[in-house]
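Quick look at what TrEMBL annotates:
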ACT_SITE  A:ASP127  active site, proton acceptor
BINDING   A:GLY10  diphosphate binding site
BINDING   A:GLU103  Mg(2+) binding site
BINDING   A:THR125, A:ILE126, A:ASP127, A:ARG162, A:MET169, A:GLY170, A:ARG171, A:GLU221, A:ARG265, A:HIS271, A:VAL272, A:GLN273, A:ARG274  substrate binding site
SITE      A:ASP104  site 'Important for catalytic activity and substrate specificity'
SITE      A:LYS124  site 'Important for catalytic activity'
There are 4 protein chains.
Amino acid sequence: MRVGVLTGGGDCPGLNAVIRGIVRKGVPVYGYSFLGFRDGWRGPLEALTKPLDIPAVRGLLPRGGTILGSSRTNPFKEPDGVAKIKSNLQQLGVDALIAIGGEDTLGVATKLHEMGVNVIGVPKTIDNDLNGTDYTFGFDTAVNIATEAIDRLHTTAESHHRALIVEVMGRHAGWIALHAGMAGGANAILIPEVRFDIEQVCRWVESRFRLDYAPIIVVSEGAMPKEGDEVLVSDEKDAFGHVRLGGIGDWLAREIEKRTGKEARTTVLGHVQRGGTPTARDRWLATRFGLHAVDAVHAGQWGMMTALRGTDIEMVPLSEATKELKVVDPSLYAEAEVFFG
Amino acid sequence: MRVGVLTGGGDCPGLNAVIRGIVRKGVPVYGYSFLGFRDGWRGPLEALTKPLDIPAVRGLLPRGGTILGSSRTNPFKEPDGVAKIKSNLQQLGVDALIAIGGEDTLGVATKLHEMGVNVIGVPKTIDNDLNGTDYTFGFDTAVNIATEAIDRLHTTAESHHRALIVEVMGRHAGWIALHAGMAGGANAILIPEVRFDIEQVCRWVESRFRLDYAPIIVVSEGAMPKEGDEVLVSDEKDAFGHVRLGGIGDWLAREIEKRTGKEARTTVLGHVQRGGTPTARDRWLATRFGLHAVDAVHAGQWGMMTALRGTDIEMVPLSEATKELKVVDPSLYAEAEVFFG
Amino acid sequence: MRVGVLTGGGDCPGLNAVIRGIVRKGVPVYGYSFLGFRDGWRGPLEALTKPLDIPAVRGLLPRGGTILGSSRTNPFKEPDGVAKIKSNLQQLGVDALIAIGGEDTLGVATKLHEMGVNVIGVPKTIDNDLNGTDYTFGFDTAVNIATEAIDRLHTTAESHHRALIVEVMGRHAGWIALHAGMAGGANAILIPEVRFDIEQVCRWVESRFRLDYAPIIVVSEGAMPKEGDEVLVSDEKDAFGHVRLGGIGDWLAREIEKRTGKEARTTVLGHVQRGGTPTARDRWLATRFGLHAVDAVHAGQWGMMTALRGTDIEMVPLSEATKELKVVDPSLYAEAEVFFG
Amino acid sequence: MRVGVLTGGGDCPGLNAVIRGIVRKGVPVYGYSFLGFRDGWRGPLEALTKPLDIPAVRGLLPRGGTILGSSRTNPFKEPDGVAKIKSNLQQLGVDALIAIGGEDTLGVATKLHEMGVNVIGVPKTIDNDLNGTDYTFGFDTAVNIATEAIDRLHTTAESHHRALIVEVMGRHAGWIALHAGMAGGANAILIPEVRFDIEQVCRWVESRFRLDYAPIIVVSEGAMPKEGDEVLVSDEKDAFGHVRLGGIGDWLAREIEKRTGKEARTTVLGHVQRGGTPTARDRWLATRFGLHAVDAVHAGQWGMMTALRGTDIEMVPLSEATKELKVVDPSLYAEAEVFFG
């Protein structure tokens with residue numbers, strides 16, 4: 001059997017570890033050969049391939065990124081996209097596909113499966129907002145990077161009696177903010193799931209200063225004040241003439257300065273959260289996802305994806321992962337609120 | 001209500017985070033006061049206390065070790081131990097105890113509970129071998145430290161064409177070896193649960209060298225060869241006249257050199273695995289254990305302990321944690337074997 | 001003798017290590033007592049003090065920030081500033097001052113020395129742009145943090161075929177950019193000392209993409225294109241109605257996208273560069289600066305500051321450090337250019 | 001011109017960065033071609049080569065170890081060694097050699113230069129004990145790794161009221177112990193240059209415990225007690241029947257336990273100190289050594305080696321590096337003694 005492998009969407013520490021796990025088990029145990037597809041769904045769409053054998057995966061375990069490249073190409077938005085993929089798979093002699101990706105990539109995988117392509121999915125997002133699995137790989141690495149940054153900011157905040165805001169990834173779900181904020185000892189954590197009250201945030205800032213400590217606020221990029229989106233909109237325009245919304249972190253710093261009279265500074269962690277070597281836990285999870293994905297190929301469990309449940313890897317329907325986002329539960333957020341202010 | 005807190009057994013990254021979680025919630029939410037007991041069960045036995053209020057737990061989240069100190073004192077081995085503890089608790093006005101510890105500490109807690117002391121447990125072991133919980137805090141930190149060491153050893157092994165053996169903690173269970181070995185890309189992982197065949201290990205070493213790579217072997221301190229303990233026994237004596245058994249790591253290096261003719265070196269990671277700042281995940285788990293332990297005090301769930309199940313913290317009977325060790329399942333070990341050799 | 005200690009200007013990893021070095025030597029060896037002044041020159045100006053004895057400096061070595069706090073207060077800009085300082089020192093019985101700070105703090109120290117105050121200086125800047133010393137502490141930490149970020153960004157850049165720009169600290173001197181860019185394998189390093197040609201930068205970007213690698217550009221916050229400041233100016237206004245210049249990193253991303261048609265993203269490292277635990281080297285340098293500063297008090301070397309020369313700590317006149325900035329030498333920058341493109 | 005490159009002796013973080021620096025400058029700037037020799041002097045002796053061009057050095061900057069391999073082969077101890085080398089260089093068309101190594105490797109280089117081979121040296125040792133240069137690359141990495149380990153051990157020592165001994169590399173010079181001990185806040189640092197008094201060490205241990213802190217002792221592997229070697233000798237024999245001397249760290253733990261009655265534990269850091277990714281500073285130094293080494297080839301400065309002097313790279317005679325070890329100066333050691341006890 002010949003198995004194609006592709007990685008789609010934003011990159012994520014652990015992608016290479018999944019690829020390695022697939023190949024290191026599939027070749028000797030099942031006698032499979034593998035073909036890498038480049039740049040997500042663009043690979044099978046345009047027959048862009050890369051050899052994928054055991055020598056090709058040597059040394060991959062600790063490496064961030066993906067040797068297969070990635071893209072956000074969606075074959076359902078390309079003319080004859082699905083037909084081209086089917087034809088390319090046939091011509092290349094590829095019997096099954098392992099698609100490693102997030103909501104979009106697995107959404108395509110789900111539809112292709114329904115159209116008769118043999119697909120196994122591996123869920124991937126540093127945001128941890130995919131359903132059906134306790135955690136996704138890459139998330140633990142992102143949380144550790146953000147936590148280390150918060151650790152560093154504590155001392156600088158206190159030396160200068162400043163509020164420091166840390167903007168982390170998370171457009172629709174606050175998992176990174178919640179975990180890193182809890183682990184870093186933040187004095188407020190603002191997430192997309194719960195609209196925040198800027199007046200309340202300022203009270204937390206002030207109560208913290210009264211204790212002679214400097215507040216750290218961790219905010220998801222997708223968090224929003226109660227007042228709504230409009231407060232963020234200004235008539236600023238960027239170099240291309242587009243209206244600049246400005247990041248929520250910058251908005252918070254300006255509001256806190258204006259309302260409390262204290263200095264505030266923002267750090268936007270950005271892409272460092274998604275690059276580089278994975279943590280031990282992410283390597284472990286990604287490797288196991290790879291091993292179980294190739295087992296699923298062997299078992300012909302098409303349309304299923306790997307999932308972590310407790311300490312076990314299980315196979316769940318791809319549709320489960322993509323039906324709705326996994327957001328932070330209010331009771332979990334309430335646990336963290338003890339530490340606010 | 002006045003609540004005593006103690007930490008027993010070997011130290012573990014995250015102990016301070018548990019203590020902080022307990023106090024940060026217990027004081028403002030439940031109106032409790034807290035009393036720290038020093039050095040494990042020695043504290044209540046000898047009435048050794050330490051103030052424990054909100055200022056006392058500031059800055060504790062990232063700090064390794066335990067501000068309360070630890071010991072292996074067992075009150076059931078002391079004359080009138082239990083009576084002294086009961087009397088001290090009464091005189092100090094302590095209504096309930098939160099005991100944070102491993103098998104021994106929680107074993108004492110179980111018995112005290114049966115004798116009428118109000119006890120809540122928090123499981124702790126870097127070895128991850130306590131039952132009833134998916135993971136214990138400290139384990140993730142230990143695995144990351146061991147994985148970083150393995151990462152570093154890969155390059156030195158290859159530059160010198162040497163086999164490198166890494167001895168990690170784990171007397172009765174191979175969790176650290178298994179996770180760090182998988183995450184570090186080890187070519188063999190030897191754990192206490194499975195007696196290993198030194199001839200097989202040497203074949204893995206040789207096959208790795210044939211590929212022009214240098215082998216890394218991760219071994220739990222409690223792993224044993226098939227031939228049995230006797231091979232490790234020699235007539236060597238240490239400075240005190242005791243027969244030296246020698247660590248398994250050293251034994252492996254000598255055997256590999258003797259049998260394969262290749263150079264081999266051993267690194268014993270030792271106490272660095274259990275010290276220092278916890279990973280983000282361990283801080284998260286430890287903090288949540290602390291929060292839920294104090295909730296359990298409020299709910300009067302005496303004789304129960306906090307446990308991680310999937311992504312939830314649940315309360316389980318203390319007896320569940322201490323009835324038998326949680327060892328590595330053969331099927332999990334079999335997953336790793338794909339990478340051996 | 002009673003010696004006052006203060007820290008001024010932006011915080012910097014190693015400040016606490018200097019303070020610890022001063023006290024740990026000054027108390028037992030010279031029999032001095034110490035008094036901490038809070039928040040830079042505001043401390044002696046307003047008689048804001050903090051006890052400073054051996055227990056107060058326990059555990060300080062690995063801690064970022066400064067336990068004394070900092071500010072940018074300049075007593076020469078306050079009415080009767082110098083007179084107040086002199087009077088406060090006399091009333092508090094302080095015979096000498098150790099001032100730890102950068103250009104501004106040491107500039108004040110220089111003038112106070114000329115007006116008869118017994119001052120010893122310790123140079124501090126993460127930017128490494130103070131004259132008279134080979135390096136300042138904090139710089140090595142900042143460079144390591146920036147290098148780790150660049151390491152992480154390499155994999156994400158290549159997975160997405162994007163140019164990634166890393167904006168690091170350095171308004172007037174490119175030391176952090178040069179060192180981190182060299183250590184991180186940047187494909188272009190842009191520093192304030194050399195106006196860059198955006199067309200040349202785009203050619204480097206394109207040549208890198210042609211090799212199927214993704215370019216990383218490290219830029220000092222103070223770097224400027226040849227075309228001059230005006231290109232950065234837009235009619236954008238921020239929330240306070242001020243014209244936004246925009247960071248050079250954002251400007252570069254927009255220009256590269258516009259001119260090459262490739263995606264580009266910017267990461268602004270910001271305050272994480274100056275917070276948190278110092279590297280071993282910075283702890284070593286800061287500790288030695290502290291030890292030698294208190295030796296200089298004993299020797300009465302008023303108006304002098306500690307300086308690193310090769311592997312030695314020497315005393316040089318305060319005026320030497322503040323007369324002009326230490327900028328990157330063209331020959332050193334030329335060394336790095338081999339790696340551009 | 002065709003230039004051979006080899007790396008000899010123990011591996012060291014930064015070796016690959018030197019190789020990369022040589023090739024990245026030598027090819028485009030001077031038009032040289034390069035040939036890698038494998039496994040130190042064994043390479044030219046047995047004509048074991050490895051291609052070395054720009055693609056071969058991609059991605060090398062952050063990688064520990066050496067892609068050329070290493071060995072301790074000494075051509076002067078092989079029959080006709082020098083003649084074979086000369087003949088192989090001629091047959092392979094190699095006009096000059098860059099030898100990267102420590103005392104032994106550079107000693108061979110010195111003699112070959114005197115016998116007419118065109119050699120440039122690059123000094124390498126993690127021990128920092130080579131003369132002629134302020135620092136060698138790899139040393140900063142080793143010191144940081146040891147310092148991180150000490151940071152971790154502090155908390156475990158205090159939680160258990162134990163003395164912890166950290167044995168670091170350094171057979172003949174105490175540089176790693178001195179720097180890591182200072183940076184890690186050790187309570188005693190024992191180095192080969194100064195025979196220590198075990199009674200004094202025990203007094204430091206006891207005074208530290210009296211302050212309710214736990215002592216950390218950093219010891220070079222080559223440190224010796226005043227009583228002399230004999231105290232370390234016992235009649236213990238290892239598995240091969242050889243008398244075991246035992247490491248100095250283990251000896252210290254036993255003596256401290258015996259003499260003070262306190263628990264003591266030893267951690268031997270071993271090979272993790274020399275493996276893995278170099279610090280930013282070591283990458284900077286190694287890269288510059290590579291650039292200047294190839295400049296020296298161009299300038300025909302045979303018999304010279306690169307050296308760090310302050311912030312400059314200079315060329316010094318190879319003989320200067322190898323004439324005697326650079327040991328720790330007593331005045332530098334005296335600086336550290338302030339922190340003992």
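Placement of Cβ uses the backbone N, Cα and C atoms for every residue, glycine included.
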Cβ neighbours within the same chain of A:VAL272 (substrate binding site) - under 8 Å, at least six residues apart: A:ILE145
Site extent for substrate, whole Å (max Cα pair distance, A:THR125, A:ILE126, A:ASP127, A:ARG162, A:MET169, A:GLY170, A:ARG171, A:GLU221, A:ARG265, A:HIS271, A:VAL272, A:GLN273, A:ARG274): 33
Distance [Cα-Cα, Å, rounded] between A:ARG274 (substrate binding site) and A:GLY10 (diphosphate binding site): 8
Cβ-based proximity (under 8 Å) of the recorded positions A:LYS124, A:THR125, A:ASP127, A:ARG265, A:VAL272, A:ARG274 to chain C, or none: A:ARG265, A:VAL272, A:ARG274
For A:GLU103 (Mg(2+) binding site), nearby residues of its own chain (Cβ under 8 Å, 6 or more apart in sequence): A:GLY9, A:THR125, A:LEU130, A:ALA321, A:THR322, A:LEU325
Which binding-site residues sit within 10 Å of A:LYS124 (site 'Important for catalytic activity') - Cα, from A:GLY10, A:MET169, A:ARG171, A:ARG265: A:GLY10
Residue pair A:ASP104 (site 'Important for catalytic activity and substrate specificity'), A:GLY10 (diphosphate binding site) - Cα distance, angstrom, rounded: 10
A:GLY10 (diphosphate binding site) CB neighbourhood, other CB atoms within 10 A: 20
Length of the line joining the Cα atoms of A:ARG265 (substrate binding site) and A:ASP127 (active site, proton acceptor), in Å: 24
Structural state of A:ASP127 (active site, proton acceptor), classified by DSSP into three states: coil
Where A:VAL272 (substrate binding site) falls in three-state DSSP terms: helix
Fewest-neighbour residue among recorded positions, criterion Cβ within 10 Å, set A:ASP104, A:ASP127: A:ASP104
Cβ packing number for A:LYS124 (site 'Important for catalytic activity'), 10 Å threshold: 30
Spatial separation of A:MET169 (substrate binding site) from the residue listed as 'active site, proton acceptor' - C-alpha basis, Å: 7
DSSP three-state assignment (helix, strand or coil) for A:GLY10 (diphosphate binding site): coil
Structural state of A:ASP104 (site 'Important for catalytic activity and substrate specificity'), classified by DSSP into three states: helix
A:GLY10 (diphosphate binding site) versus A:MET169 (substrate binding site) - Cα distance in angstrom: 12
Which listed residue (A:THR125, A:MET169, A:ARG171) has most other Cβ within 10 Å, given these are binding-site residues: A:THR125
C-alpha spacing of A:ARG171 (substrate binding site) relative to A:GLY10 (diphosphate binding site), in angstrom: 13
Residue with minimal Cβ packing [other Cβ atoms within 10 Å] among the binding-site residues A:ARG265, A:ARG274: A:ARG265
